[in-house]
Structures are given as C-alpha cells and as structure tokens.
Amino acid sequence: MRRGGWRKRTENDGWEKWGGYMAAKVQKLEEQFRTDAANQKDGTASAIFSGVAIYVNGYTDPSAEELRNLMMLHGGQYHVYYSRSKTTHIIATNLPNAKIKELKGEKVIRPEWIVESIKAGRLLSSAPYQLYTKPSAAQKSLNFNPVCKPEDPGPGPSNRAKQLNNRVNHIIKKIETESEVKANGLSSWNEDGVNDDFSFEDLEHTFPGRKQNGVMHPRDTAVIFNGHTHSSNGALKTQDCLVPVGNSVASRLSLDSTQEEKRAEKSNADFRDCTVQHLQHSTRSADALRSPHRTNSLSPSLHSNTKINGAHHSTVQGPSSTKSTSVLTLSKVAPSVPSKPSDCNFISDFYSRSRLHHISTWKCELTEFVNTLQRQSSGIFPGREKLKKVKTGRSSLVVTDTGTMSVLSSPRHQSCVMHVDMDCFFVSVGIRNRPDLKGKPVAVTSNRGTGTAPLRPGANPQLEWQYYQNRALRGKAADIPDSSVWENQDSTQTNGIDSVLSKAEIASCSYEARQVGIKNGMFFGYAKQLCPNLQAVPYDFHACREVAQAMYETLASYTHSIEAVSCDEALIDVTDILAETKLSPEEFAAALRIEIKDKTKCAASVGIGSNILLARMATKKAKPDGQYHLQPDEVDDFIRGQLVTNLPGVGRSMESKLASLGIKTCGDLQCLTMAKLQKEFGPKTGQMLYRFCRGLDDRPVRTEKERKSVSAEINYGIRFTQPKEAEAFLLSLSEEIQRRLEAAGMKGKRLTLKIMVRKPGAPIETAKFGGHGICDNIARTVTLDQATDSAKIIGKATLNMFHTMKLNISDMRGVGIQVNQLVPANSNLSTCSSRPSAQSSLFSGRPHSVRDLFQLQKAKKPTEEEHKEVFLAAVDLEVSSTSRACGLLSPLSAHLAASVSPDTNSGECSRKWNGLHSPVSGQSRLNLSIEVPSPSQIDQSVLEALPLDLREQIEQVCAAQQGEPRGKKKEPVNGCSSGVLPHPVGTVLLQIPEPQEPCNSDSKISVIALPAFSQVDPDVFAALPAELQKELKAAYDQRQRQGEDTTHQQPTSTSVPKNPLLQLKPPAMKDKRNKRKNLIGSPRKSPLKNKLLSSPAKTLPGAYGSPQKLMDGFLQHEGMASERPLEEVSASTPGAQDLSSLLPGQSSCFRPAAPNLAGAVEFSDVKTLLKEWITTISDPMEEDILQVVRYCTDLIEEKDLEKLDLVIKYMKRLMQQSVESVWNMAFDFILDNVQVVLQQTYGSTLKVT
C-alpha cells in the first residue's frame, strides 16, 4: 500500500495540513501535558519513564487516561497523536493484521509493562511485554486472503448482507484450518486469529462509510481512540463474546479430523451469532454519545486499520479526554451525528445519545418499578429489619453540624417526608472511579477539547447571542439584530485558525466548578474561559442507569411509598418507617445516605420536612452531601427568607410579574391577601402561591401519575434538501411514536405536528454545529376518528398536516410529533360498548376538566348529523334529549339522557338562551337539571348497564311519564327559581312530575324542551310510534294553552347567570331591551330562535307559510302557537325572563341584550377578558368554553360576523401562545361548533388562517 495513498483519498477532509493547524495543536497538547504534570506531581512522583514517550492505540487496561496520569507522575511523555520520530513505544492490547503490517517493526508493548515497572521502581525491559514479535522467514503465519483495496468500489446494497456472511464464514474456515499462530512465542487464537483478519476494514467494505458531519471519511481512515472506550466501572469486553468456546489452537490440534470439522461448523455458527448479537447490541446501546469529531470503539477486534506513519491521526480533540462507555455501532463506529436525517438509523442514534431522552426514559422505568413493587408487595422490608437491629445498639446521641452533641428527641408519629437527591449526579457517576478528579472543577459535556470549535462559514454566534439576550428582556417580541453591525466577538485566533467558543452544553458540573460561576446548561466554551482548569468528562449512561437503579432499590428496601421525581431524586413518605423502627428522622436519613454511598460510591443529600414543599427546600440547605431536618417550629422563620423562585411553579414569567409587585421573598409574598393574588394570577395559581409562601402543602407522595401525552421531537441535525426527505423522516418519526405508544400500553386520538423553521433574517448556519438556531415554532393539530397506535395512521395524518404548512424545506430545523388524549391500548372509546361508562363518568357529580368534554365530543365519528347532536349534548347542560328526538335523535344523545339521574335541586338549574344553557357555578358543572326522555327514546342496553338504584329511578320516571295527566298546568317549586327558565320561542315543554307525588302540584317537575313543530320532518314524525305521537301532540296542545294564559303577562328581566371563572369584570346589567322591526308575514331572521343548529328557512322552506301541508289538525295548533308567547311564568320564579315573539299584528317584541361575554360587549373589553382568562388559567373548565361558544353563536344571530371573525382570530393567537396543549384543544372545540352554526345558517364557514 502506498504511503501517500491515504493523503490522496482524503485531500478534501481538512486534516492533511500537518504543518499548520495539526502541528500547532500537537505542540499545544504537549505543553498542556507538561503543565499538568507539574501540577500533579507530589511525593509519589518519580522519573522511571524519563525519555519514554508512549502512544495508546485502542482499548487497554489500564485505560488511556490512567496511563496518561501514570506517565505524568513518573516522568514520561504521552502522545495523543502518533509520531514516528518522537513516539518511542506504542501501547496496545490487540491490533489487527493490517496495523501490524504498517508498524514495520515498531515496538508495540502491552500496558502491563508500565504497571509492573512502577511496581518494581525501575524501568523494566520491554522485550517480554511486546505484543507481537517480527516473524522470521521460517515462522509459519496465517494465509490471509487479500482484502479489497480502499480505492475499489464497495459492494452494492443488495449484496451487502450476503457478502458479510460469506466473509465471516471464510475467515472462520481459515482460522479453523491453520495449525498454529505465533505471537510472542505463544499460541493464542484470541490475539492473532479473528482479530487480525476480521477487522473493521472488512465491515467497512461491506457497509461503506457514510458522511460524518458533512465530510466523507475514507474506509481506511484511522480513528484512534487512545483507550477512551473503556469504562472503569464495567465496560463490556466483547472479545470474550467473539471467541467461541474451545477454539484454542492447542485444543484444536488434538482433535481428529472428524471432530475438527464438527467443531468448525459449530464455531462458525457460534461466532456468527455472537458477532451479530454484538453488533445489534452496539447499535442499540445508549452509551454512544460523543462529540462530533469523536468516534469510539469498544471491542479491540473491531478497530479500524490505522497508518502509523504520520498520515493518519486521531480525531480526539484534547488531552483532557477521559474514559467513556461508548459502544461501537456497525455504521462507521457510531458517528456522533449521522450524516443525514434521512438515514434509517438517524432517529435511533439521536435518542441513544440524547441525555434528556435517557432521563425521561429512566423516570418512566423507575415509576413502573415502584408501581410493580406496590402491586407485588408482601409487606416485608429488609431495610427496616436492619434498622431495628442497629437501633438496639446505638446511642441516641448524634453529632450536629456544629460538632456539639445533642440528644435526639423521641420520634413523634407525625407526617414526615424525605427528599433524596444525588449530588451532581452525572459528575458524581463520571468520577466515582476517578480519584484524581475529586475536589477539582469537573463538568460533564460532549466536548473534551480546549473549549473552542472551528468557525463555520455563514455562522454568526454573536448575533444569536444578542438575539437571545433581547428575548430574555422583551420576550417573543424580540427582533433579530442587524447582522451587518455584529462581528464575531467571541472568536479567537488559535494557531492561525479562526475558532469560536464551543457551544457544547454542560449537563452537570461539580461544586468546585460552581464556585467560580459555572452553571448547569452553560456552554462549555464560556465555562472554560471562567475556569481554564475545568476538566471535562464524558457521559456514562450505562453507569448512571446502574446508580439510579441502585438508589431506588435501596429506597424500596425500606418503603414502597416512593414518588419517582427523576433518575437521581425521589420523594418518600417515612412516617410508617419512623413509627415502626422508633428512629428519629435524622437517624434514618443518616443510615440511608450511608447505604446509598456504599452501593453507588456517590453522595446523596436528604431534606426532611412535614410536607413535600418543606422537604425540597430543606434539601437545598442540606447540599452538598448532607442532611437537614426542617422542624415545624422553624418553618415560619425559614420560609420568610426563601426567594419566591424557590417555590414550585414560579418561573421567569411569574418571577418578573412578582418583581413588578415588589415581591422577592416569601415574606414579601405573605403580605398579599389571597384575593389580591387570585386577582393577579388567577384562582388556582393565586391560592397555590398563598399556601406555598406559608409552607402549606397538602400534596401527597404520589406513586402513580397519569400519562398525558407521548411525543418524539428532534431539533438537532435536522437539515433537509428535498420534500421527500422530510416526508420520509416524518414516517420514521411516526414509527418511533408507535414504539413509544406500545411501550406505554396507550393509544392516542389527537396528533400535533410541531415544526421549527428558521426565522427570517437568522443566519443559515447556526452557531452550534447541527443546532436549530433562531427559529419560529409552527404547530398543527388534528383529531383522529379513533384512538390509535398505528404508525401508518399517524404517519398519514402527519403528512397531511405537513403539506398544509407549505414550508421551505431547507429552513426546517426541528420536527416533533405529540399524541394526546391517551387511552389504554386494551380499550376502545369509539365502540358502543364502551360509551355508557365513559359518558356516565362525565355525570358522576365530580368536577371535570375540559379534556373530559372533548373526550365526550369525540366519542362518535362526527358525521354532520352526529356532530350536531354531540355539540348539543355538550352545550345543553340539561341534556334535553327529547328536544332532539324529533330531529332524528342520535344514539349518543339517548345514551347521555339515559345515564343520568332526573333529580333536580335549586342549585342545579340553568338558563337557556337560544338553545344554549349558561352554567351557574364551577361547582355544579354537568351536574345540573338532567331530564329523562320519553320511554321510546331510551336504549334498553344502556338502561340495563346502569346501577340498580339509578335504573329504578329512571323506570319510575318513565312510568310517571306514561301516566301523566295531559293538559294540566304544572308549576316548578322547591325554590328552584331558575329551574324553569324561559326558552326560546318555538320550544315546547314536556313537564313530568316526580313519581313520589304524581298528583301534587307542589312536586318537582322535570322539563323537557322540544323544538317548534316547524322543525319536525313529517317523515320522521310519521315514523314515530303512535304512543309518542300522542305524547308530542299533547305537549304542543299544552303549549298552545299556556300561550293563551300568558299572552297578557309582561316580561321581566334578569341577568344571565355568570361563571365565576369568567367574571373577571362586573357585567353591566341591562334592563332595557332593543326593539325589533315588525316581522309580520316574514320568517324569523335566525334559526337560533328555534333551534341552534337547524335552519327552518333552508330545511323546511314551507313550514311557516303553509303549515297545513305537513299534518292537518295537529299543525293547526302549531301554526297558531308558533307566533305566540311560549313561556310559563310562575309566581315562584320572579327572576324568570319571557323571551316571546309577537303575535301577528303586534309591532315590536322584546329580545335579550346585545351579545356579551360575562358582561363585556365592546370588542376591546372582550379581548381583555379573553386574555386574562387564557393567561391565568392552565386548565379551562367546560362551562367557560361553553359560555364562549354561546357568545359566538349570539354574534352569529346578530349577524355581527365581523366581530365574530376578530374574536375567533384573537382567541387563536392567544391559545396558540399558551404552553398548555389543552388550550389548542379548547380553541378547536370552539371553532368546530361555530363553523357548524355558520354552515347551517349561511351555507359557508369562516376562513381562519
């Protein structure tokens, strides 16, 4: 192989100029090594390795970092990059044949030479420790097959799997037939068999290299790892996996030919299976997160072949590189960032390296671990038994923080919560086997260099930095600064090469680093400027998982009342433990911390308090590596001095708002009354702040948490050039969503597609390599017909939303899919069998959030007619089912009506305007006056599924309906002054007395609202049972008589009942009513007068002009009554309001006040009201949304579509800005139903953009 061949093949990769950048870098690394050596030397230092310069190639034990430290302490030199002229010894455990040939007689020494020389106190001869000796001409060697030259084209994709299999088989057969392998005079298949020939070069010919960070790496490019692949806390040695049992050369020589052939076949299969398992495990490994310029190896058998002649060099960035648990993947040694998002393993690679993904996954696993413990608990806790034994032999004296002795008071059996939190979790795990780094500033990050990175063309870090500073001050209204006035002020000149500070984020930093101003989340480049001695260590996900599991297993040995907060912290209720063991909280906390430290070698701090809030605050005082018990008598003084930012739920936005009120501490916050806080922050948040600032917290330690959503989002490395790439990526992300839904055992119904798009004016190239930069966030949401976990369905819906966005593909910087409205995978809410339970739960009397309303709304496929019924069922809080029976009542409405109790009380009555009910209070949501429909409308299967007591009540009401005296006038009583409120003109009331007092006029009355008969389809009416036809006819006759009795009554007015959550400003009371023009001889202007979602002018054009065409006799009553007052005004209902139309010949009529939202009429007032509602409440109530829907439909009735359009668009902007996804759901609900009304009224819909 020509020496210059590699240089020719990699002339464009930017690494060939050794005389410039690399020479300066090597010199800088050597100077840094000498500086560190001077600082590290102490009494144990020596000069054993004076004049020795080592270079570590691949995996070694001790690791490369440990060898570096040993050379530093004992006078040697450590070279990150091999130099033929300067390096004296190459340290390696194993090398493939290609590298052995390239060394050409260089000294390759085992790492034991260094260790044993230090033990002996002198420099030992390296001859006995040579890894390979130069073979003589008489020495036999393996007959290696020639491998493909790097210049040769790689195999086609269709033949890769076959060629890999043939290659493995060929290698094994060659190994099996060889008689001996000389390595240092010893026969060793492990050292010179498979590892020499089955090299990574062969795999690369089968799976050609991909672009890494935009640069195509040649197949024989050396990627030198210097031992950074071995984790001292238990990295796997897959060499053992790759060696079949009984494959020793000596053992094979003793076998006869038959046995040898059998063993060859078995070894072939074993080796192939083991190799495949290793490669699959490597691909799935979560420990492969590394910097963009680093790729690591785990197995010495899979090193890439390396030229050690100065042409090849490592991509390790600096001498501070340390051990890692990176696992080799099949695709170019697990490149830190796959070349393109369109690659099939891009998503899996990204999540295998994502710290946040691992943290969230671990939390779910630990939560499930705790739940499993509780389900399988036998009540036996080994930890408690140990504590009891320890308690008998211990004194009640403990040493306090001040060093004095104090007698612990006897434990009191009061509520006690402990917050266990590991100190600097990622750092503690990373250095637990690194005593040389303890006590030094350490940070866990993906960058292990000097804190700088090359400046890429087109990037403008200073502009991005200024933009984010402006955004912190001005919020989302911040503009992008003019790029022409900004220069790269954070760039530096390093060896003549422009560079910028590294944007790698610090995941965790030690307390020593925090003392100089370094914080978690800070960019490593800036942190390196604050602390030049900052040591960077890599992520060790495997070890972190082990430590987290060990901590939770320790806690579980004492109690199962555990709330998994994160992988490194947990809340436990220790009240029972203290009562059983008779220990004080301080004693138990000390024992717990000692046990955790013994098992994990990591320190944990414990905060103790009477509730979760105080325990968390106590932990902050206990850190680092301590414990603190916040006594009840100390709470008041302690809490007053705490900053409000220490309270849960107080973020930057709320902090700035509190600061504007002059509040910085909890003591300041205590000066405000609850009314003031609720006015400023809303009812829930105001009450929360009022309690938390006083140390009050009634939250229990929750072991189970309901999962609200499943999502997969990627905002790193997203760069598309064609729409097909983006579409393929969305389909791949949909498959990831399917895997996560299946793992969670859930299905989702609502999909949200989130796209990050480069903000206009932002730099095309981001300051952080592969980052998203300055972006706008765009989201689209769709609700599926049924809950699903199918990637095919999710992908199709996602692509439809994506196509509607019409984005510039090259500007996409992030993609995410979120699934809401989760249901268990073994249930199906869309089937009829599950509908009764879901609906009856809505009317169980307990408060419900808007999510329940949406779940009810989407319980059936929303065809046009069914959509009407669902909407009415959601809006009509009285669920007047019979009013929709004449309009072909849907099964859903019947189920709703049949699943509730008919009982009515004075606090559960509501007013209805134009078919819409206004809620009375937040406490009576959906628990209002629910009437039972006629017997013919009740589904018997639903009735039989109801509880016995409820079913008996409904049967009694039905019996009373059949025996009800017709034509007798009923009056509401029992103080239900608002129970029988005026209904819109054209509505018929069926009044049904309670079965207990069927003949008593003072009994309770259930009122069922029927539409005007002009709304009834004659064919539908004719198809009804004769009994129901008689019942309806009697009701309309009764309506006619009531109209005659109330013709001369004067209407009285009351204000519409207001929702307390929407009553943010007092509504104006209007007693004067506007006059309408004479409507003689003309149909009504709006169908909302009769029924909300039906237009008589469109559906029944002849209903008003000639009712005789429908049904003789019965329609005459309707024709006479349709233009007369309808409502019955009782003396016991002084607040009732008469909404009646004029008889023919009258010149005017009364109507409700102008459309208002909780009293707000002007658009400016409505905007203020909506903004306060949306920004102060995180979970809107059903009645709030329904009241907004009612306001919008009132605007439609008044034909004020201009204001309606402004209101809808303003709500859309506000709700999309909210971080709560439920607000988007609320807006979609409002918009869907407004569009239905518009479509029925005007034959068109609003165009909302």
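The backbone N, Cα and C atoms fix where each Cβ goes, and this holds for glycine too.
Sequence annotations record features per position, and here Swiss-Prot assigns region 'Disordered' to 253-323, 1035-1109. Annotated region 'Interaction with target DNA' per Swiss-Prot: 350-360, 651-654, 707-715, in sequence order, evidence recorded as similarity to another entry. What Swiss-Prot records for Arg355, 421-425, 508-514, Asn520, Asp568 is dCTP binding site, and it gives similarity to another entry as the kind of evidence. Marked as Mg(2+) 1 binding site by Swiss-Prot: Asp421, Asp568, Glu569. Positions annotated as Mg(2+) 2 binding site by Swiss-Prot, on the basis of sequence analysis: Asp421. Look at Swiss-Prot and you will find 1072-1078 tagged as motif 'Nuclear localization signal'. Annotation comment: Swiss-Prot describes 1150-1249 as region 'Protein interaction domain'.
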Beyond the site residues Asp421, Asp568, Glu569: chain residues whose C-beta lies within 8 Å of the centroid, for Mg(2+) 1: His419, Val420, Met422, Phe425, Val565, Ser566, Cys567, Ala570, Ala604
Helix, strand and coil totals (DSSP H, G, I; E, B; other) for the region 'Protein interaction domain' (1150-1249): 69 helix, 3 strand, 28 coil
The region 'Interaction with target DNA' (651-654), counted residue by residue under DSSP: helix, strand, coil: 3 helix, 0 strand, 1 coil
Cβ-Cβ neighbours of Ser510 (dCTP binding site) (radius 10 Å): 26
List of residues, in chain order, with Cβ under 8 A from that of Glu569 (Mg(2+) 1 binding site) and at least 6 apart: His419, Val420, Asp421, Met422
Residue distribution over DSSP helix, strand and coil in the region 'Interaction with target DNA' (350-360): 10 helix, 0 strand, 1 coil
Segment confidence, the region 'Interaction with target DNA' (651-654), expressed as mean pLDDT: 86
Among Arg355, Arg514, the most crowded of the binding-site residues [Cβ within 10 Å]: Arg355
For Ser508 (dCTP binding site), nearby residues of its own chain (Cβ under 8 Å, 6 or more apart in sequence): Cys424, Phe425, Phe426, Val427, Ala443, Val444, Asn520
